[in-house]
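See structure below.
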Amino acid sequence: MADPESSSSSFTAKEPVLTSNSPDVESQQGRNSPSHWFLVCHPDGVTDAVLNHAYPGHGTPESPYVVDFLPQDGSNPMQYSRTKKWTITLLQALATLAVAFVSTAYSGGVYEIIRYFHVSTIVAILGVSLFVLGFAIGPLLWAPLSEFHGRQIVFFFTYFGLAAFSAGAAGAQNIHTLIILRFFAGAFGASPLTNSGGVIADMFNAKAFSPWPLSWAPPSAPLPAASSWTSPSAAPPNPQQIRTTLLRPWALLFTEPIVFLTAIYLAIVYGTLYLLFAAFPIVFQLNRGWSAGVGGLAFIGVAVGMLFAVAYSMFDNRRYGRVAAASPGGLAPAEARLPPAIIGSVLLPVGLFWFAWTNGPEVHWVVPITASAFFAAGLVSVFLSLLSYMIDSYTVFAASVLAANSVLRSLFGAAFPLFTTYMYQDLGIHWASTVPAFLALACMPFPWLFWKYGARIRSRCRYAAEAAAVLQKMMQAANEQQEREQQGQQVVVPVNESPAVLSEDEGTVVGDGEEVKEKRK
């Protein structure tokens, strides 16, 4: 727990003084409830019910306050209706799909761009590479800011930027304008790639994200704990807080072995996917003589493989549910997420080697396209499994972990298409396609190593251990709160004369409270 006197990443606010006349939570329900837009635009908005609620803890470094949503709080995403949850989930999926379309649709028109702007192939491909490079830059801002200010306000800003820069690129009159606008479109479009997973985790515990991680601010109530303990007169975030928030993804990437190895693996797989976007026109259009329209149909194999992997993930969720149900507290170990990645790690090199040595014009086109389906199935299985593993392992730091991961894989995705054309010219379509297959083969042991040694590694890593400790505190506080509600026991409400401090790193509020009053629910 950070010391209130020395912590550079804490919020200081005025502490409410509770009296015997303070209204209890139940009397506040449905009264003076802030509107949705007020919560989004004014994260310092606080109701009396929030100020006077009896939070677990004693206000000391040894027993800090654990700030959570109020009972029956309508702004708690976990309490949204099932219809609302799945509507928001569908919108997040569509937003992510739209970014993927904007990213890859450019590839099909590369040769038209070459003819229209009279540029070389490498310059035309920059439209893809710089867009993906934007994927590397954007998460460094959007993920930490979503943890700091809440996700929804970040989504509003970035979606508008994606639409504006994409429209500008569509009307570009020269290649320089086109590739620059593509870069900014990618940077703004990276927002849903890192933050959508957090939005879904905010709404569904899935027996893996419970209890609610404090620093994953919900879209409808930015940073609930900060809102609970911040007054309009409280000091704004200081530069040190912002610096800590923005540097955390880099610290996680280079100090946490699991984060680094996972990022390397997913970066290679992601770069290979974009390599195929540049390689398919060479393999199917130049070598087989297909037109641009027919050549685009070669990606059907990739689409089918991804659909099969998604269908399998639904089946695997049942297995995961059984593991979670049999685990203490209904919380499965993070390694329970890894079996699909172990399977996918085998499918990746199999599909790539298969594609590499059957993609010549002498072999029927259905054979290499089928091979691409195996690669795509492995890609989705590895991605879904390892990203879920990262979320379960780092909980309160999940957005920063995903941002660090996104940075590295986006750099690979930007670089791979740039040398694809020259590699295929120098090595030929067979050996050029074999290079990423060997890379996938070298990374194949990673999921198995995480499965066997992951828990031991995480226990020795600073951020992973801290995230596990915070999650344990939240679970304990939630269980104690539930027991008090069931037994109708008296609740001890600390009354502090000194400021309360919200520790950003551990997601808890600490204070020096000495006086206490007893208050019945």
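Even glycines carry a Cβ here, placed using N, Cα and C.
The region 'Disordered' annotation in TrEMBL covers 1-31 (among others).
Annotation source TrEMBL lists transmembrane segment at 86-107 (among others). Outside the transmembrane segment (86-107) by six or more residues, the chain places 80, 127-128, 131-132, 135, 155, 159, 162, 166, 182, 185-186, 189-190, 192-193, 196, 199-200, 203, 219, 277-278, 281 with a CB less than 8 A from a CB of the stretch.
Residues or ranges marked as transmembrane segment by TrEMBL: 113-141 (among others).
Sequence-distant contacts of the transmembrane segment (153-173), counting only residues of its own chain at least 6 positions beyond either end whose CB sits under 8 Å from a CB of the stretch, comprise 40-41, 95, 99, 102, 138, 142, 145-146, 181-182, 184-185, 187-192, 195, 219, 222. What TrEMBL records for 153-173 (among others) is transmembrane segment.
Look at TrEMBL and you will find 179-201 (among others) tagged as transmembrane segment.
Under the heading transmembrane segment, TrEMBL lists 258-284 (among others).
Here TrEMBL flags 290-315 (among others) as transmembrane segment.
Under the heading transmembrane segment, TrEMBL lists 363-387 (among others). Using a Cβ-Cβ cut-off under 8 Å and counting only residues 6 or more beyond its ends in the same chain, the transmembrane segment (363-387) has close neighbours at 197, 262, 265-266, 269, 272-273, 276, 283-284, 288, 298-306, 308-310, 312-313, 337-341, 343-348, 350-352, 354-355, 402, 405, 447.
What TrEMBL records for 394-416 (among others) is transmembrane segment.
Sequence-distant neighbours of the transmembrane segment (428-450) (same chain, 6+ residues past either end, Cβ-Cβ under 8 Å): 258, 261-262, 264-265, 268-269, 271-272, 275, 279, 282-283, 287, 335, 338, 341-342, 344-346, 348-349, 352-353, 355-357, 359-360, 382, 385-386, 389, 420, 457. Residues annotated as transmembrane segment in TrEMBL: 428-450 (among others).
Look at TrEMBL and you will find 497-521 (among others) tagged as region 'Disordered'.
The compositional bias 'Acidic residues' annotation in TrEMBL covers 503-513.
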Top stretch among 113-141, 179-201, 258-284 for CB pairs under 8 A with the transmembrane segment (290-315)?
258-284
Please indicate, using numbers and ranges, the residues of the same chain that are 6 or more beyond the transmembrane segment (179-201) and have a C-beta under 8 Å from a C-beta there.
88-89, 92-93, 95-96, 99, 102-103, 106, 123, 126-128, 130-139, 142-143, 146, 151, 154-155, 158-159, 161-162, 165-166, 168-169, 172, 209, 213, 216, 218-219, 387, 391, 398-399, 402-403, 406, 410
Same-chain residues at least 6 beyond the ends of the transmembrane segment (394-416) whose Cβ lies under 8 Å from its Cβ atoms:
129-130, 132-137, 139-140, 142-144, 146-147, 190, 193-195, 197-198, 201, 209, 213-216, 248-250, 252-253, 256, 259, 262-264, 266-275, 278, 387, 463-464, 467-468, 470-471, 506-507
